[in-house]
Amino acid sequence: MDTLAGILQVASVVLVLVLVHRPLGDLMARMYESRHDTRVERGIYRLIGVDPRSEQTWPAYLRAVLAFSLVGVLVVYGMQRLQAFLPYALGLPAVPEGISFNTAVSFVTNTNWQSYSPEATMGYTVQLAGLAVQNFVSAAVGIAVAIALVRGFARTRSGTIGNMWVDLIRGSLRLLLPLSLVTAVVLIAGGVIQNFAGFQDVQTLAGGTQTIPGGPVASQEAIKMLGTNGGGFFNANSAHPFEDPTAWTSAFQVLLMLVIPFSLPRTFGKMVGDTRQGTAIAAVMATIAVASLTALTLFELQGAGSAPMAAGAAMEGKEQRVGIIGSALFGTVSTLTSTGAVNSMHDSYTALGGMMPMLNMMLGEVAPGGVGSGLYGMLVLAVIAVFVAGLLVGRTPEYLGKKIGPREIKLASLYILVTPILVLVGTALSFAIPAVRDDVEGTSILNSGLHGLSEVVYAFTSAANNNGSAFAGLTASTPWFTTALGVAMLLGRFVPIVLVLALAGSLAAQDRIPTTSGTLPTHRPQFVGLLIGVTVIVTALTYFPVLALGPLAEGLAS
(Lines of atoms letter the chains of each structure in order from A and count residues from 1; the text may use other names and numbers.)
(Lines give C-alpha, C1' and ligand atoms only; values in the text may rest on other atoms or scores of the structure.)
Protein backbone atom coordinates (compact mmCIF):
# COMPACT_ATOMS: atom_id res chain seq x y z
CA MET A 1 0.00 0.00 0.00
CA ASP A 2 1.47 3.35 -1.00
CA THR A 3 1.63 6.48 1.13
CA LEU A 4 -1.40 8.16 -0.44
CA ALA A 5 -3.57 5.10 0.11
CA GLY A 6 -2.43 4.94 3.73
CA ILE A 7 -3.25 8.59 4.31
CA LEU A 8 -6.69 8.11 2.75
CA GLN A 9 -7.24 5.13 5.04
CA VAL A 10 -6.47 7.24 8.11
CA ALA A 11 -8.66 10.08 6.84
CA SER A 12 -11.60 7.75 6.20
CA VAL A 13 -11.42 6.35 9.74
CA VAL A 14 -11.32 9.85 11.22
CA LEU A 15 -14.24 11.01 9.08
CA VAL A 16 -16.48 8.11 10.07
CA LEU A 17 -15.59 8.59 13.74
CA VAL A 18 -16.55 12.25 13.55
CA LEU A 19 -19.90 11.29 12.03
CA VAL A 20 -20.86 8.45 14.38
CA HIS A 21 -19.44 9.38 17.80
CA ARG A 22 -22.19 11.88 18.57
CA PRO A 23 -25.26 9.71 17.86
CA LEU A 24 -23.65 6.65 19.45
CA GLY A 25 -22.61 8.64 22.53
CA ASP A 26 -26.12 10.06 22.89
CA LEU A 27 -27.58 6.58 22.47
CA MET A 28 -25.41 5.19 25.27
CA ALA A 29 -26.36 8.07 27.57
CA ARG A 30 -30.07 7.38 27.02
CA MET A 31 -29.52 3.66 27.40
CA TYR A 32 -27.82 3.87 30.79
CA GLU A 33 -30.21 6.54 32.12
CA SER A 34 -33.40 4.83 30.93
CA ARG A 35 -35.80 3.31 33.46
CA HIS A 36 -37.37 1.06 30.82
CA ASP A 37 -36.46 -2.63 30.67
CA THR A 38 -37.06 -4.87 27.68
CA ARG A 39 -38.91 -8.15 28.02
CA VAL A 40 -35.68 -10.13 27.64
CA GLU A 41 -33.98 -8.03 30.32
CA ARG A 42 -36.88 -8.51 32.74
CA GLY A 43 -36.65 -12.25 32.21
CA ILE A 44 -32.92 -12.23 33.01
CA TYR A 45 -33.50 -10.12 36.13
CA ARG A 46 -36.09 -12.61 37.38
CA LEU A 47 -33.74 -15.50 36.60
CA ILE A 48 -30.84 -14.06 38.60
CA GLY A 49 -33.01 -12.50 41.31
CA VAL A 50 -32.16 -8.85 40.69
CA ASP A 51 -34.45 -5.88 41.23
CA PRO A 52 -33.55 -3.47 38.39
CA ARG A 53 -34.96 -0.48 40.29
CA SER A 54 -32.75 -1.13 43.31
CA GLU A 55 -29.46 0.77 43.18
CA GLN A 56 -26.16 -0.13 44.82
CA THR A 57 -23.61 1.64 46.96
CA TRP A 58 -20.08 1.56 45.60
CA PRO A 59 -19.03 -1.41 47.80
CA ALA A 60 -22.08 -3.38 46.64
CA TYR A 61 -21.36 -2.45 43.01
CA LEU A 62 -17.76 -3.61 43.49
CA ARG A 63 -18.82 -6.90 45.06
CA ALA A 64 -21.05 -7.59 42.07
CA VAL A 65 -18.19 -6.88 39.63
CA LEU A 66 -15.77 -9.12 41.52
CA ALA A 67 -18.28 -11.96 42.01
CA PHE A 68 -19.30 -11.96 38.36
CA SER A 69 -15.67 -11.91 37.21
CA LEU A 70 -14.71 -14.73 39.58
CA VAL A 71 -17.46 -16.92 38.18
CA GLY A 72 -16.24 -16.08 34.68
CA VAL A 73 -12.68 -17.17 35.52
CA LEU A 74 -13.89 -20.47 36.98
CA VAL A 75 -16.18 -21.24 34.04
CA VAL A 76 -13.57 -20.50 31.35
CA TYR A 77 -10.90 -22.41 33.28
CA GLY A 78 -13.21 -25.41 33.67
CA MET A 79 -14.17 -25.45 30.00
CA GLN A 80 -10.53 -25.55 28.95
CA ARG A 81 -9.67 -28.35 31.35
CA LEU A 82 -12.70 -30.38 30.15
CA GLN A 83 -12.26 -29.56 26.48
CA ALA A 84 -11.73 -33.16 25.40
CA PHE A 85 -15.29 -33.99 26.50
CA LEU A 86 -16.95 -31.01 24.79
CA PRO A 87 -18.53 -31.03 21.32
CA TYR A 88 -16.59 -29.45 18.46
CA ALA A 89 -13.33 -30.02 20.33
CA LEU A 90 -11.72 -30.95 16.97
CA GLY A 91 -9.90 -33.79 18.70
CA LEU A 92 -7.87 -31.36 20.80
CA PRO A 93 -6.90 -32.40 24.34
CA ALA A 94 -7.48 -30.51 27.58
CA VAL A 95 -5.55 -27.27 27.86
CA PRO A 96 -2.67 -27.47 30.41
CA GLU A 97 -3.34 -26.02 33.86
CA GLY A 98 -1.00 -23.04 33.64
CA ILE A 99 -2.24 -21.91 30.24
CA SER A 100 -5.86 -22.51 31.31
CA PHE A 101 -5.40 -20.19 34.30
CA ASN A 102 -3.60 -17.57 32.24
CA THR A 103 -6.21 -17.67 29.47
CA ALA A 104 -9.21 -17.57 31.82
CA VAL A 105 -7.81 -14.54 33.62
CA SER A 106 -6.81 -12.98 30.31
CA PHE A 107 -10.27 -13.05 28.75
CA VAL A 108 -12.20 -12.16 31.91
CA THR A 109 -9.99 -9.10 32.45
CA ASN A 110 -10.46 -7.95 28.81
CA THR A 111 -6.74 -8.50 28.19
CA ASN A 112 -6.87 -11.44 25.77
CA TRP A 113 -3.18 -12.22 26.19
CA GLN A 114 -2.59 -15.51 24.37
CA SER A 115 0.37 -17.66 25.36
CA TYR A 116 -0.80 -20.44 23.05
CA SER A 117 -1.60 -21.00 19.38
CA PRO A 118 -5.42 -20.71 19.26
CA GLU A 119 -6.10 -22.86 16.20
CA ALA A 120 -3.98 -25.69 17.63
CA THR A 121 -5.19 -25.40 21.25
CA MET A 122 -8.86 -24.34 21.47
CA GLY A 123 -11.87 -26.15 20.01
CA TYR A 124 -14.90 -24.28 18.74
CA THR A 125 -16.99 -24.77 21.89
CA VAL A 126 -14.34 -23.18 24.10
CA GLN A 127 -13.85 -20.40 21.55
CA LEU A 128 -17.56 -19.59 21.29
CA ALA A 129 -19.12 -20.48 24.64
CA GLY A 130 -16.09 -19.54 26.69
CA LEU A 131 -13.84 -16.92 25.15
CA ALA A 132 -16.35 -15.11 22.91
CA VAL A 133 -18.85 -14.78 25.77
CA GLN A 134 -16.16 -13.16 27.90
CA ASN A 135 -15.39 -10.81 25.02
CA PHE A 136 -18.92 -9.46 25.44
CA VAL A 137 -19.27 -9.36 29.21
CA SER A 138 -15.74 -8.17 30.06
CA ALA A 139 -16.29 -5.21 27.74
CA ALA A 140 -19.71 -4.57 29.29
CA VAL A 141 -18.15 -4.59 32.77
CA GLY A 142 -15.61 -1.96 31.70
CA ILE A 143 -18.33 0.30 30.33
CA ALA A 144 -20.41 -0.22 33.48
CA VAL A 145 -17.57 0.92 35.74
CA ALA A 146 -17.05 4.02 33.58
CA ILE A 147 -20.76 4.84 33.74
CA ALA A 148 -20.67 4.43 37.53
CA LEU A 149 -17.86 7.01 37.74
CA VAL A 150 -19.79 9.37 35.46
CA ARG A 151 -22.77 9.06 37.79
CA GLY A 152 -20.46 10.03 40.63
CA PHE A 153 -19.81 13.35 38.89
CA ALA A 154 -23.44 13.79 37.82
CA ARG A 155 -25.18 13.03 41.14
CA THR A 156 -25.28 15.03 44.36
CA ARG A 157 -25.81 13.79 47.91
CA SER A 158 -26.34 10.26 46.63
CA GLY A 159 -25.27 7.08 48.34
CA THR A 160 -25.63 4.97 45.19
CA ILE A 161 -23.95 4.83 41.79
CA GLY A 162 -26.32 2.57 39.85
CA ASN A 163 -26.93 -1.17 39.56
CA MET A 164 -24.07 -3.24 38.17
CA TRP A 165 -26.35 -6.01 36.89
CA VAL A 166 -28.54 -3.57 34.99
CA ASP A 167 -25.52 -1.80 33.50
CA LEU A 168 -23.91 -5.13 32.55
CA ILE A 169 -27.01 -6.55 30.88
CA ARG A 170 -27.87 -3.36 29.02
CA GLY A 171 -24.33 -2.96 27.77
CA SER A 172 -24.31 -6.54 26.51
CA LEU A 173 -27.81 -6.77 25.00
CA ARG A 174 -28.53 -3.24 23.82
CA LEU A 175 -25.07 -2.15 22.67
CA LEU A 176 -22.48 -4.85 22.06
CA LEU A 177 -24.68 -7.66 20.73
CA PRO A 178 -26.54 -5.65 18.03
CA LEU A 179 -23.38 -3.87 16.89
CA SER A 180 -21.49 -7.18 16.74
CA LEU A 181 -24.23 -8.80 14.66
CA VAL A 182 -24.10 -6.05 12.04
CA THR A 183 -20.31 -5.96 12.15
CA ALA A 184 -19.99 -9.72 11.65
CA VAL A 185 -22.12 -9.53 8.49
CA VAL A 186 -19.91 -6.75 7.12
CA LEU A 187 -16.77 -8.76 7.89
CA ILE A 188 -18.19 -11.85 6.16
CA ALA A 189 -18.91 -9.68 3.12
CA GLY A 190 -15.29 -8.55 3.27
CA GLY A 191 -13.95 -12.10 3.15
CA VAL A 192 -13.57 -13.08 6.82
CA ILE A 193 -14.51 -16.75 7.15
CA GLN A 194 -17.47 -18.07 9.18
CA ASN A 195 -17.97 -21.84 9.26
CA PHE A 196 -17.69 -24.89 11.47
CA ALA A 197 -15.32 -26.76 9.20
CA GLY A 198 -12.36 -28.41 10.84
CA PHE A 199 -8.85 -28.65 9.48
CA GLN A 200 -8.67 -29.48 5.78
CA ASP A 201 -5.64 -30.84 3.95
CA VAL A 202 -5.30 -29.45 0.43
CA GLN A 203 -2.83 -29.89 -2.39
CA THR A 204 -0.80 -26.77 -3.12
CA LEU A 205 0.27 -25.57 -6.56
CA ALA A 206 3.81 -26.62 -5.68
CA GLY A 207 2.65 -30.20 -5.22
CA GLY A 208 2.82 -30.33 -1.44
CA THR A 209 0.10 -30.57 1.19
CA GLN A 210 -1.11 -27.73 3.39
CA THR A 211 -3.49 -27.83 6.34
CA ILE A 212 -6.14 -25.08 6.18
CA PRO A 213 -8.02 -24.21 9.39
CA GLY A 214 -11.64 -23.11 9.47
CA GLY A 215 -13.90 -21.80 12.18
CA PRO A 216 -16.55 -19.24 13.18
CA VAL A 217 -14.10 -16.35 12.84
CA ALA A 218 -16.25 -13.38 11.77
CA SER A 219 -18.60 -13.64 14.75
CA GLN A 220 -15.66 -13.57 17.16
CA GLU A 221 -13.73 -10.98 15.16
CA ALA A 222 -16.61 -8.51 15.51
CA ILE A 223 -16.70 -8.44 19.31
CA LYS A 224 -12.93 -8.87 19.47
CA MET A 225 -12.64 -5.39 17.97
CA LEU A 226 -15.79 -3.68 19.24
CA GLY A 227 -15.08 -4.72 22.82
CA THR A 228 -11.37 -3.82 22.52
CA ASN A 229 -10.58 -7.43 23.43
CA GLY A 230 -8.00 -8.40 20.81
CA GLY A 231 -7.64 -12.15 21.18
CA GLY A 232 -7.26 -13.73 17.75
CA PHE A 233 -8.93 -16.86 16.42
CA PHE A 234 -5.58 -17.63 14.80
CA ASN A 235 -2.07 -17.26 16.14
CA ALA A 236 -1.24 -14.53 13.61
CA ASN A 237 -4.25 -12.53 14.81
CA SER A 238 -5.41 -9.92 12.28
CA ALA A 239 -2.30 -10.50 10.16
CA HIS A 240 -4.01 -13.77 9.14
CA PRO A 241 -5.97 -13.36 5.87
CA PHE A 242 -8.92 -15.32 7.31
CA GLU A 243 -9.31 -12.66 10.03
CA ASP A 244 -8.38 -9.56 8.05
CA PRO A 245 -8.19 -10.26 4.32
CA THR A 246 -7.97 -6.79 2.75
CA ALA A 247 -6.86 -3.23 3.37
CA TRP A 248 -10.44 -2.02 3.81
CA THR A 249 -11.27 -4.71 6.37
CA SER A 250 -8.16 -3.59 8.24
CA ALA A 251 -9.40 0.01 8.24
CA PHE A 252 -12.85 -1.20 9.28
CA GLN A 253 -11.37 -3.07 12.23
CA VAL A 254 -9.49 0.07 13.28
CA LEU A 255 -12.81 1.92 13.25
CA LEU A 256 -14.40 -0.80 15.39
CA MET A 257 -11.67 -0.45 18.01
CA LEU A 258 -12.22 3.31 18.24
CA VAL A 259 -15.96 3.78 17.87
CA ILE A 260 -17.13 3.03 21.43
CA PRO A 261 -14.13 4.51 23.31
CA PHE A 262 -14.35 7.76 21.32
CA SER A 263 -18.14 7.92 21.77
CA LEU A 264 -18.01 7.51 25.55
CA PRO A 265 -16.73 11.08 26.17
CA ARG A 266 -19.91 12.29 24.45
CA THR A 267 -21.88 10.01 26.79
CA PHE A 268 -20.01 11.54 29.72
CA GLY A 269 -20.86 15.06 28.55
CA LYS A 270 -24.54 14.24 28.13
CA MET A 271 -24.84 12.60 31.54
CA VAL A 272 -23.14 15.47 33.42
CA GLY A 273 -25.23 18.02 31.55
CA ASP A 274 -22.41 19.74 29.64
CA THR A 275 -21.34 18.20 26.34
CA ARG A 276 -18.39 20.61 26.18
CA GLN A 277 -16.75 18.56 28.95
CA GLY A 278 -16.94 15.45 26.80
CA THR A 279 -15.55 17.33 23.81
CA ALA A 280 -12.54 18.44 25.87
CA ILE A 281 -11.84 14.85 26.95
CA ALA A 282 -12.16 13.64 23.36
CA ALA A 283 -9.78 16.40 22.20
CA VAL A 284 -7.12 15.20 24.64
CA MET A 285 -7.54 11.63 23.43
CA ALA A 286 -7.38 12.64 19.77
CA THR A 287 -4.28 14.82 20.21
CA ILE A 288 -2.31 12.05 21.90
CA ALA A 289 -3.46 9.50 19.31
CA VAL A 290 -2.41 11.67 16.35
CA ALA A 291 1.00 12.35 17.90
CA SER A 292 1.59 8.65 18.55
CA LEU A 293 0.51 7.61 15.06
CA THR A 294 2.73 10.23 13.45
CA ALA A 295 5.78 9.15 15.45
CA LEU A 296 5.33 5.43 14.76
CA THR A 297 4.75 6.03 11.05
CA LEU A 298 7.91 8.13 10.72
CA PHE A 299 10.03 5.62 12.65
CA GLU A 300 8.90 2.78 10.37
CA LEU A 301 9.14 4.74 7.12
CA GLN A 302 12.70 5.78 7.95
CA GLY A 303 13.91 2.48 9.35
CA ALA A 304 17.67 2.05 9.45
CA GLY A 305 19.48 -0.81 7.74
CA SER A 306 20.05 -2.10 4.22
CA ALA A 307 16.78 -4.05 3.97
CA PRO A 308 14.52 -1.09 4.90
CA MET A 309 16.49 1.15 2.55
CA ALA A 310 16.02 -1.30 -0.31
CA ALA A 311 12.30 -1.70 0.41
CA GLY A 312 11.75 2.00 1.03
CA ALA A 313 10.58 1.32 4.59
CA ALA A 314 10.87 -1.22 7.41
CA MET A 315 8.61 -3.94 5.94
CA GLU A 316 9.76 -6.83 8.13
CA GLY A 317 6.79 -8.32 9.98
CA LYS A 318 4.24 -6.38 7.92
CA GLU A 319 1.69 -7.50 5.36
CA GLN A 320 2.07 -6.04 1.87
CA ARG A 321 -1.71 -5.68 1.56
CA VAL A 322 -1.71 -3.37 4.60
CA GLY A 323 1.53 -1.43 4.18
CA ILE A 324 3.49 0.80 6.56
CA ILE A 325 0.84 3.40 7.33
CA GLY A 326 -1.92 0.80 7.67
CA SER A 327 0.27 -1.24 10.02
CA ALA A 328 1.23 1.85 12.04
CA LEU A 329 -2.42 2.90 12.28
CA PHE A 330 -3.53 -0.53 13.45
CA GLY A 331 -0.64 -0.89 15.91
CA THR A 332 -1.18 2.58 17.35
CA VAL A 333 -4.91 2.17 17.81
CA SER A 334 -4.55 -1.35 19.18
CA THR A 335 -2.18 -0.22 21.94
CA LEU A 336 -3.81 3.13 22.68
CA THR A 337 -7.01 1.18 23.25
CA SER A 338 -6.86 -1.99 25.31
CA THR A 339 -7.35 -4.19 22.25
CA GLY A 340 -3.92 -5.70 21.66
CA ALA A 341 -4.83 -7.15 18.27
CA VAL A 342 -2.13 -6.93 15.60
CA ASN A 343 -1.97 -6.95 11.81
CA SER A 344 1.84 -6.69 11.91
CA MET A 345 4.43 -8.03 14.31
CA HIS A 346 5.41 -5.38 16.86
CA ASP A 347 8.57 -7.32 17.72
CA SER A 348 9.79 -6.73 14.16
CA TYR A 349 9.38 -2.97 14.29
CA THR A 350 12.44 -0.75 14.42
CA ALA A 351 13.76 -0.12 17.93
CA LEU A 352 12.10 3.29 18.26
CA GLY A 353 9.06 2.11 16.33
CA GLY A 354 8.61 -0.77 18.77
CA MET A 355 8.88 1.68 21.64
CA MET A 356 5.74 3.52 20.51
CA PRO A 357 3.21 0.69 21.13
CA MET A 358 4.92 0.13 24.49
CA LEU A 359 4.69 3.82 25.34
CA ASN A 360 1.04 3.91 24.28
CA MET A 361 0.26 1.30 26.92
CA MET A 362 2.45 3.01 29.51
CA LEU A 363 0.36 6.16 29.10
CA GLY A 364 -2.42 4.13 30.67
CA GLU A 365 -4.33 3.40 27.45
CA VAL A 366 -6.41 6.56 27.78
CA ALA A 367 -6.31 7.90 24.22
CA PRO A 368 -9.02 6.71 23.83
CA GLY A 369 -8.38 3.57 25.87
CA GLY A 370 -10.47 0.45 26.14
CA VAL A 371 -14.25 0.39 26.24
CA GLY A 372 -14.97 2.01 29.60
CA SER A 373 -11.46 1.75 30.99
CA GLY A 374 -10.20 4.52 28.72
CA LEU A 375 -12.83 6.98 29.90
CA TYR A 376 -12.45 6.27 33.60
CA GLY A 377 -8.66 6.37 33.25
CA MET A 378 -8.80 9.78 31.58
CA LEU A 379 -11.25 11.09 34.19
CA VAL A 380 -8.85 10.04 36.94
CA LEU A 381 -6.10 11.97 35.15
CA ALA A 382 -8.48 14.93 34.91
CA VAL A 383 -8.81 14.82 38.70
CA ILE A 384 -5.00 14.93 38.96
CA ALA A 385 -4.90 17.81 36.47
CA VAL A 386 -7.36 20.01 38.38
CA PHE A 387 -5.46 19.24 41.58
CA VAL A 388 -2.22 20.43 39.96
CA ALA A 389 -4.00 23.54 38.65
CA GLY A 390 -5.37 24.22 42.13
CA LEU A 391 -1.88 24.06 43.59
CA LEU A 392 -0.61 26.50 40.96
CA VAL A 393 -3.22 29.17 41.73
CA GLY A 394 -3.73 28.46 45.42
CA ARG A 395 -7.39 27.39 45.21
CA THR A 396 -9.24 24.31 46.37
CA PRO A 397 -9.40 22.07 43.29
CA GLU A 398 -12.79 21.12 41.89
CA TYR A 399 -14.00 19.31 38.80
CA LEU A 400 -17.55 19.60 37.47
CA GLY A 401 -18.62 21.22 40.71
CA LYS A 402 -17.17 18.44 42.87
CA LYS A 403 -14.47 19.22 45.41
CA ILE A 404 -11.26 17.27 44.92
CA GLY A 405 -10.23 16.71 48.52
CA PRO A 406 -7.65 14.49 50.22
CA ARG A 407 -9.70 11.30 49.75
CA GLU A 408 -10.24 11.89 46.03
CA ILE A 409 -6.61 12.76 45.31
CA LYS A 410 -5.36 9.73 47.28
CA LEU A 411 -7.60 7.42 45.26
CA ALA A 412 -6.50 9.04 41.99
CA SER A 413 -2.82 8.85 42.98
CA LEU A 414 -3.08 5.18 43.90
CA TYR A 415 -4.75 4.52 40.56
CA ILE A 416 -1.78 6.10 38.75
CA LEU A 417 0.69 3.97 40.74
CA VAL A 418 -0.88 0.54 40.22
CA THR A 419 0.30 -0.35 36.72
CA PRO A 420 3.85 1.08 36.98
CA ILE A 421 4.38 -0.99 40.12
CA LEU A 422 3.14 -4.14 38.39
CA VAL A 423 5.23 -3.53 35.27
CA LEU A 424 8.49 -2.56 36.96
CA VAL A 425 8.31 -5.08 39.82
CA GLY A 426 7.32 -7.90 37.45
CA THR A 427 10.19 -7.10 35.10
CA ALA A 428 12.65 -6.77 37.98
CA LEU A 429 11.65 -10.13 39.49
CA SER A 430 12.10 -11.79 36.09
CA PHE A 431 15.79 -10.92 36.23
CA ALA A 432 16.44 -10.68 39.99
CA ILE A 433 15.44 -14.22 41.03
CA PRO A 434 18.31 -16.49 39.87
CA ALA A 435 16.20 -19.51 38.91
CA VAL A 436 13.66 -17.37 37.11
CA ARG A 437 16.37 -15.37 35.35
CA ASP A 438 18.04 -18.51 34.05
CA ASP A 439 14.70 -19.75 32.68
CA VAL A 440 13.81 -16.37 31.15
CA GLU A 441 17.19 -15.90 29.49
CA GLY A 442 17.56 -19.53 28.46
CA THR A 443 14.01 -20.35 27.36
CA SER A 444 11.79 -17.31 26.90
CA ILE A 445 13.86 -14.52 25.38
CA LEU A 446 14.51 -14.95 21.67
CA ASN A 447 16.73 -11.87 21.36
CA SER A 448 19.44 -11.30 23.95
CA GLY A 449 20.67 -7.93 25.13
CA LEU A 450 18.68 -4.70 24.94
CA HIS A 451 15.85 -6.11 22.86
CA GLY A 452 15.47 -9.05 25.23
CA LEU A 453 14.81 -6.61 28.07
CA SER A 454 12.28 -4.82 25.87
CA GLU A 455 10.44 -8.10 25.25
CA VAL A 456 9.98 -8.70 28.98
CA VAL A 457 9.03 -5.08 29.71
CA TYR A 458 6.50 -5.19 26.88
CA ALA A 459 4.94 -8.39 28.26
CA PHE A 460 4.37 -6.97 31.74
CA THR A 461 3.24 -3.62 30.32
CA SER A 462 0.70 -5.38 28.14
CA ALA A 463 -0.56 -7.61 30.95
CA ALA A 464 -0.78 -4.92 33.64
CA ASN A 465 -2.61 -2.55 31.28
CA ASN A 466 -4.94 -5.33 30.06
CA ASN A 467 -3.83 -4.89 26.46
CA GLY A 468 -2.77 -8.35 25.32
CA SER A 469 -0.37 -7.54 22.48
CA ALA A 470 3.18 -8.86 22.66
CA PHE A 471 6.69 -8.75 21.38
CA ALA A 472 6.12 -12.24 20.08
CA GLY A 473 9.77 -13.24 20.24
CA LEU A 474 9.13 -13.90 23.93
CA THR A 475 8.05 -17.44 24.76
CA ALA A 476 5.39 -16.76 27.41
CA SER A 477 4.05 -20.29 27.93
CA THR A 478 6.54 -21.07 30.72
CA PRO A 479 5.29 -21.52 34.31
CA TRP A 480 6.84 -18.19 35.39
CA PHE A 481 5.19 -16.09 32.71
CA THR A 482 1.80 -17.82 32.76
CA THR A 483 1.62 -17.23 36.51
CA ALA A 484 3.28 -13.82 36.81
CA LEU A 485 1.44 -12.32 33.85
CA GLY A 486 -1.83 -13.83 35.10
CA VAL A 487 -1.37 -12.11 38.45
CA ALA A 488 -0.44 -8.85 36.69
CA MET A 489 -3.62 -9.04 34.60
CA LEU A 490 -5.81 -9.64 37.66
CA LEU A 491 -4.30 -6.83 39.72
CA GLY A 492 -4.07 -4.50 36.72
CA ARG A 493 -7.79 -4.93 36.08
CA PHE A 494 -9.41 -5.05 39.48
CA VAL A 495 -7.29 -2.83 41.73
CA PRO A 496 -7.99 0.19 39.47
CA ILE A 497 -11.68 -0.75 39.41
CA VAL A 498 -11.75 -0.76 43.22
CA LEU A 499 -10.22 2.72 43.28
CA VAL A 500 -12.50 4.07 40.52
CA LEU A 501 -15.66 2.85 42.23
CA ALA A 502 -14.48 4.25 45.57
CA LEU A 503 -13.89 7.58 43.81
CA ALA A 504 -17.35 7.39 42.24
CA GLY A 505 -18.95 6.81 45.63
CA SER A 506 -17.04 9.69 47.21
CA LEU A 507 -18.02 12.11 44.43
CA ALA A 508 -21.67 11.04 44.35
CA ALA A 509 -22.02 11.76 48.08
CA GLN A 510 -20.86 15.36 47.68
CA ASP A 511 -22.94 18.46 47.15
CA ARG A 512 -22.23 20.54 44.07
CA ILE A 513 -20.05 23.64 44.48
CA PRO A 514 -21.42 26.73 42.67
CA THR A 515 -19.33 28.00 39.77
CA THR A 516 -17.49 31.25 40.49
CA SER A 517 -15.10 33.53 38.62
CA GLY A 518 -12.22 31.60 40.15
CA THR A 519 -13.43 28.19 38.95
CA LEU A 520 -11.08 26.49 36.48
CA PRO A 521 -12.94 26.13 33.14
CA THR A 522 -12.42 22.49 32.20
CA HIS A 523 -13.88 22.72 28.70
CA ARG A 524 -11.38 25.16 27.20
CA PRO A 525 -8.11 24.60 25.29
CA GLN A 526 -6.04 25.58 28.35
CA PHE A 527 -7.39 22.61 30.29
CA VAL A 528 -6.95 20.33 27.29
CA GLY A 529 -3.27 21.30 27.20
CA LEU A 530 -2.91 20.84 30.95
CA LEU A 531 -4.48 17.39 30.83
CA ILE A 532 -2.22 16.33 27.96
CA GLY A 533 0.79 17.51 29.95
CA VAL A 534 -0.30 15.67 33.07
CA THR A 535 -0.94 12.49 31.07
CA VAL A 536 2.53 12.53 29.54
CA ILE A 537 4.49 13.73 32.58
CA VAL A 538 2.79 11.74 35.34
CA THR A 539 2.62 8.45 33.46
CA ALA A 540 5.25 8.31 30.70
CA LEU A 541 8.15 9.72 32.72
CA THR A 542 7.59 7.02 35.33
CA TYR A 543 8.93 4.55 32.78
CA PHE A 544 11.74 6.64 31.32
CA PRO A 545 14.59 4.72 33.03
CA VAL A 546 13.43 1.35 31.74
CA LEU A 547 12.78 2.79 28.27
CA ALA A 548 16.31 4.22 28.31
CA LEU A 549 17.70 0.76 29.10
CA GLY A 550 15.63 -0.94 26.40
CA PRO A 551 14.30 0.57 23.16
CA LEU A 552 15.99 3.97 23.45
CA ALA A 553 19.42 2.41 23.93
CA GLU A 554 18.73 -0.09 21.15
CA GLY A 555 17.63 2.70 18.83
CA LEU A 556 20.73 4.76 19.53
CA ALA A 557 22.94 1.73 18.96
CA SER A 558 21.38 0.82 15.61
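Numbering starts at 1 and runs along the chain as displayed.
Heads up, the Cβ atoms here are built off N, Cα and C, so glycines get one too.
As recorded in Swiss-Prot:
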| type | residues | note |
| --- | --- | --- |
| TRANSMEM | 1-21 | transmembrane segment |
| TRANSMEM | 58-78 | transmembrane segment |
| TRANSMEM | 85-105 | transmembrane segment |
| TRANSMEM | 130-150 | transmembrane segment |
| TRANSMEM | 179-199 | transmembrane segment |
| TRANSMEM | 245-265 | transmembrane segment |
| TRANSMEM | 279-299 | transmembrane segment |
| TRANSMEM | 374-394 | transmembrane segment |
| TRANSMEM | 416-436 | transmembrane segment |
| TRANSMEM | 484-504 | transmembrane segment |
| TRANSMEM | 527-547 | transmembrane segment |
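The stretch from 130-150, 279-299, 484-504 that makes the most Cβ contacts under 8 Å with the transmembrane segment (85-105) is 484-504. Just going by CB pairs under 8 A, the stretch in 279-299, 416-436, 484-504 that sits most against the transmembrane segment (130-150) is 484-504.
Tallying C-beta pairs under 8 angstroms between the transmembrane segment (484-504) and each of 245-265, 279-299, 374-394, 416-436, 527-547 places 416-436 first.
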